[in-house]
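The next block holds one structure in the form of structure tokens; read it before the comments.
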Amino acid sequence: MDIRAAEISAILKDQIKNFGKEAEVSEVGQVLSVGDGIARVYGLDNVQAGEMVEFPGGIRGMALNLESDNVGVVIFGSDRDIKEGDTVKRTGAIVDVPVGPELLGRVVDALGNPIDGKGPINATRRSRVDIKAPGIIPRKSVHEPMSTGLKAIDALIPVGRGQRELVIGDRQTGKTAILLDAFLNQKAIHDNGPEGEKLYCVYVAIGQKRSTVAQFVKVLEERGALKYSIIVAATASDPAPMQYLAPFAGCAMGEYFRDNGMHALIGYDDLSKQAVSYRQMSLLLRRPPGREAYPGDVFYLHSRLLERAAKMNDDMGAGSLTALPVIETQGNDVSAFIPTNVISITDGQIFLETDLFYQGIRPAVNVGLSVSRVGSAAQIKAMKQVAGSIKGELAQYREMAAFAQFGSDLDAATQRLLNRGARLTELLKQPQFSPLKTEEQVAVIFAGVNGYLDKLPVASVGKFEQGFLSYLRSEGSAILDAIRTEKAISDDTRGKLTAALDSFAKSFS
């Protein structure tokens, strides 16, 4: 056998040349103690605040407390499989989630993983969950309406694109129903509206029952509204860090639309539960407690989240992110810590009351206490024309109704005011899942403020409204089109609307 030294040395040299020098260096630490979803880790000296770290078995966590001798890590998932002495690896990445149109129609958890069984999400972009809100220069004041389809809100407490409007009330007063109707109301624009008007919806469920979230998704799906919505769910059985993270994750998904010149609406349901889970994490991390045992930065938790909802100026693409945070009160106590915090952060609030709900006034909006700090800037001119007087009349009605309980002999003017107020209150009622287009709301409220309901018994107001709307849709669609395109009630339209009301009122009686 002939051994050629030159050939062998050539092969060896070749192999040496191709020898890989890459060795993966990862910074690791050791678990000192673990319990209640919190791990104390030794090592990881260069870890960043908010960085994702990895435990054995693929469980992830987020470094929140950076102390002199250890790192406090909150665990996204079960801590049962983590034990003392386990190796913890740095990922080098701050917590981020997938964003983009690929998420529309899907249900994801707080880290953006799909939980609806419809396969993986092929999103190409990712975004950090906790980024700084836009400054003052890139913003523009709110001036376009964000129609919810609810007469009581669109007429009296209008919400604009880029606004933060708080929905606050006790349990079972219809807070989620308002969010759901606002989502369903966008269907008409998505089906045949211009691209620039479309409003994409993000619903963040925090600490709710899985059955409740499933019901919400089912309603959206049945009514064709899931295709433009993203659902982020951190349910009651999920660990506290997931419930804390979910609103930030949903916000990052909504910001994608805002920053690309589109419009998005995000509902946080509800932020009281996020504050509770943040309190749990903070106390377990041994941060000092403050009022009601919440940590000192619970105001900052909500303010940095809600400040990210904004209307951008034209140079930034003129997109917007509108936020509808929900807060649940205990026994109508709006002066508790978290409710007062969020009221002071938002641009107005919609108060829902149990008493009104049980009186059959639904949506149970207390029109006297609810405000929108953007106001009529977020309404089209037609709505301003009819809704301006309804506010004043309802305010007078509430004042008179309080006095009328004592006096029996009322003069004719007071009696007229009370009658009108009762009928307008009846007019603002609306069944669930039946949002109205803005032009239809305008027509109905026009009838109310111009005295067409005054002669009707209060019980027939709803029937009159339904009848008049179907009459307009069949006979007077030109009137509705005129209000929609002109965005105002011209003298010509006013004449036609009055004529239509006269002819319908004759046939109705």
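Cβ atoms here come from the backbone N, Cα and C positions, even for glycine.
Pulled from Swiss-Prot:
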BINDING   GLY169, ASP170, ARG171, GLN172, THR173, GLY174, LYS175, THR176  ATP binding site
SITE      SER370  site 'Required for activity'
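All features noted in Swiss-Prot, drawn onto the structure.
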residue	record	DSSP class
GLY169	ATP binding site	strand
GLY174	ATP binding site	coil
SER370	site 'Required for activity'	coil
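Sequence-distant contacts of ARG171 (ATP binding site), defined as residues of its own chain at least six apart whose C-beta falls under 8 angstroms from its C-beta, comprise GLU328.
In sequence order, THR354, PHE357 constitute the residues six or more apart from GLN172 (ATP binding site) in its chain with CB-CB distances below 8 Å.
The Cβ of GLY174 (ATP binding site) has 20 other Cβ atoms within 10 Å, all protein chains considered. Working note on the recorded positions THR173, THR176, SER370: by count of other C-beta atoms within 10 Å of each C-beta, THR173 ranks first. GLY174 (ATP binding site) sits 15 Å from SER370 (site 'Required for activity'), taking the CA atoms of both as reference points. When the binding-site residues GLY169, ASP170, LYS175 are compared by the number of other C-beta atoms lying within 10 angstroms of their own C-beta, ASP170 comes out lowest.
Using Cα positions, the member of the binding-site residues GLY169, ASP170, LYS175 nearest to SER370 (site 'Required for activity') is identified as GLY169.
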